[in-house]
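These notes concern the structure reproduced below.
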Amino acid sequence: MKMGVLTFSVRLMFLILCIFINGSFSKLERLGHPVTKSDGSLDILVFGDWGRKGGFNQSLVAHQMGIVGEQLDIDFVISVGDNFYDDGLKGDTDTSFEASFSHIYTHPSLQKQWYSVKFSPKDWRWFCRRSFVLCSGMVEFFFVDTNPFVKKYFTDPEDHTYDWSNVLPRKKYIYNLLHDLDLEIKKSRATWKFVVGHHGIKTAGQHGVAQELVDQLLPILELKIFLENKVDLYINGHDHCLQHIGSEGEIQFLTSGGGSKAWRGDIQPWDPKELKLYYDGQGFMSLRITHSEVKFVFYDISGNVLHQSRLSKKSKTFGLF
């Protein structure tokens, strides 16, 4: 019954989640993840841009994720997209699933539920098309399919063939998504609110800022009807680096796209007062969430801590360690 160490049941759970999200519902689906720790805290690993059949240090990142995952006793894993290179999955029997996932993330600590944004517009349509809300205790994660926002995928697809099933017409899809996301964020009474997408809103990485997200998504995230009801983090991949951009009292922008191929060798100009971390290499991030504080830590492929920071609800402040 096992595929490597990753059991068939875990794979099936992964697939069922993605099929469920791919439904044609007009409202964002709400999924619940149980809180099992007595103090209500959550520990999570976050990373993206990884599926290269173990190459480009993917296996080394996976190894360290397993070690840190065991130390933290993680509750689940979040992937921020681009999970199967170069052209996504072709079906539910595609061997790339085992080669880039089941046979790589074999550490016992990683045999937990995985949640992902849309893998890639090139991925086979079963896999995580729609956006959704993940609720777990005091935190809500708003997963947003950012691919349809990026105009060049439609106007200049180069040699790629994208699957836009259930997306076209694009403008209507984006309008409905933004409308539903706005409603969900406004009605949320969770202590912490994190938005998870693939593309960067604030990034000094090679791909640069996705202007469509700045124009259309960011105003919703920054809307502050009540200070205690604001979005706290925007988490993304796409740029193959580890990055923290933020100012005190504002949304913190975290990039964790170092799951495999990295070392692009360039960085876009950014205000050094906002750019708290830029690491042009492989690695991943952890989140520890309590009622009063969120701590996020970035690790390299050797398990070294590159950067850590925290948000506090009591003082409404942000600080570095």
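Glycine is treated like the rest: Cβ placed from N, Cα and C.
Caution: TrEMBL annotation is automatic and unverified by curators.
The signal peptide annotation in TrEMBL covers 1-26.
Confidence for the domain 'Calcineurin-like phosphoesterase' (44-241), expressed as mean pLDDT, is 89. The domain 'Calcineurin-like phosphoesterase' annotation in TrEMBL covers 44-241.
Here TrEMBL flags ASP49, ASP82, TYR85, HIS240 as Fe cation 1 binding site.
In sequence order, GLY48, ASP49, VAL80, GLY81, ASP82, HIS198, HIS199, GLY200, THR203, GLY205, HIS207, ALA210, THR255, GLY257 are the residues of the chain that are 6 or more apart from HIS238 (Fe cation 2 binding site) and have a CB within less than 8 Å of its CB. Under the heading Fe cation 2 binding site, TrEMBL lists ASP82, HIS198, HIS238.
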Exercise. Here are some binding-site residues: HIS198, HIS240. Which one has the most Cβ atoms within 10 Å of its Cβ?
Worked result: HIS198
Exercise. Can you list, in sequence order, the residues of the same chain other than ASP49, ASP82, TYR85, HIS240 whose CB lies within 8 Å of the CB centroid of the Fe cation 1 site?
Worked result: GLY48, TRP50, GLY51, ARG52, GLY81, ASN83, GLY237, HIS238, GLY257, GLY259, SER260, LYS261
Seminar exercise, completed: A correct count of other C-beta atoms within 10 Å of the C-beta of TYR85 (Fe cation 1 binding site) gives 20
